[in-house]
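One structure follows; several queries about it will come next.
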Amino acid sequence: MTAQTLYDKLWNSHVVREEEDGTVLLYIDRHLVHEVTSPQAFEGLKMAGRKLWRIDSVVSTADHNTPTGDWDKGIQDPISKLQVDTLDKNIKEFGALAYFPFMDKGQGIVHVMGPEQGATLPGMTVVCGDSHTSTHGAFGALAHGIGTSEVEHTMATQCITAKKSKSMLISVDGKLKAGVTAKDVALYIIGQIGTAGGTGYAIEFGGEAIRSLSMESRMTLCNMAIEAGARSGMVAVDQTTIDYVKDKPFAPEGEAWDKAVEYWRTLVSDEGAVFDKEYRFNAEDIEPQVTWGTSPEMVLDISSKVPNPAEETDPVKRSGMERALEYMGLEAGTPLNEIPVDIVFIGSCTNSRIEDLREAAAIAKDRKKAANVQRVLIVPGSGLVKEQAEKEGLDKIFIEAGFEWREPGCSMCLAMNADRLTPGQRCASTSNRNFEGRQGNGGRTHLVSPAMAAAAAVTGRFTDIRMMA
């Protein structure tokens, strides 16, 4: 039998039918639903007189529009309130395996909530009307975002039409140095291959450095696969995966668990499997990263200086660099560790899990917010993450440092709720996109790890966390 990649196995086991042009009908196991991309899909079902094909495939929560402060006042923005209320109404009418509404303890960012509930399992196909659905590939699952029309199609038929991507293996060999996190690995890779480097591919991450990562770190890495242009990212199943899933609310139990684990252990690329493209990186080469421009590929080590567009020979790239520097209000040659910040945001589906908050708290402990920093928002990814952080006393560390301890939600990752930047504000952010206006009109976003964000909060500028005793 021909050796198969992990992607081959996941894809082939879910093909319902294939056409001559390579288009397939792909079966979907788990459909994650939130308030932004579902209203039109539910409306389409109503107009056609259809029901959900498989109610028990749907897990839902509200996240993009929910406020992260003043919950006693409810949702103040009328459009946001309408979207959340509409989701409530639609789930009540159509049903779901589980629904975590606004202010429920289980509510949170869909890509944090799904895994912590055991709704994401190895071997699954997982879709959501959100581009960062690639997060769930950390479990040895095939996961990617879909558009609103596909959301309706999945609801009605449990399938989507798709064409198989090419396969890419990105190996990170060796051990990561102290202070280097999965976020740094992701940004480093994007800096090396570019935001179009993964276009048309499904990426499998492998190598010693990847195998040593926790599940939460693997989720961070796969979350960022879309920023490299890939359709999906994934990590092979190992004991770390199985240990994380065990005893989660929606994980199998008893004999079903044993059978599942037996199958899950096959979800690795076979020895001798051929990938369409491969990259190998050395973990020793990766330092803490900071983006300087308006694309995740505009990223450098913290010890670097803002690059000079005049040194770029490609005229298109040079023009892009010039525009980015103008928007970001930066001058070529400025050391990254001399750039001051106004706002710090620690949260998002990339970095709002308990390990992320622990990293940030370790830096913030016994320190205070720098005088030039206007606000530091700490936004847990779910009510359960918030509860665990408070059990560990992390909230007290943040509050004593002068940070804001918020309620769960997508928050300042995107300007769709009350948490947003104003024109010219510079933000150290643990989110995933630094596009123009992403965090608010005229806002300037620098992507970093949770520890690097916390360091910026207490020093007032980008700082190498390895220099902080």
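From the backbone N, Cα and C atoms, a Cβ is placed for every residue, glycine too.
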Looking at [4Fe-4S] cluster binding as recorded in Swiss-Prot, which candidate out of CYS222, CYS349 goes with CYS410, CYS413?
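The candidate from CYS222, CYS349 that Swiss-Prot ties to [4Fe-4S] cluster along with CYS410, CYS413 is CYS349.
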What are the non-local neighbours of CYS413 ([4Fe-4S] cluster binding site), defined as same-chain residues 6+ apart in sequence with CB under 8 A from its CB?
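Those within reach of CYS413 ([4Fe-4S] cluster binding site), by Cβ under 8 Å and sequence separation of 6 or more, are PHE345, GLY347, SER348, CYS349, THR350, SER429, SER431, ASN432, ARG433, ARG438, GLN439.
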I need the neighbours of the [4Fe-4S] cluster site defined by CYS349, CYS410, CYS413. Which other residues of that chain put their C-beta within 8 angstroms of the C-beta centroid, in sequence order?
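Result: ASP63, HIS64, ILE109, HIS111, HIS132, GLY347, SER348, THR350, SER352, GLY409, SER411, LEU414, SER431, ASN432.
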Which entry in the list of binding-site residues, CYS349, CYS410, has its Cβ near the fewest other Cβ atoms, using 10 Å as the limit?
CYS349
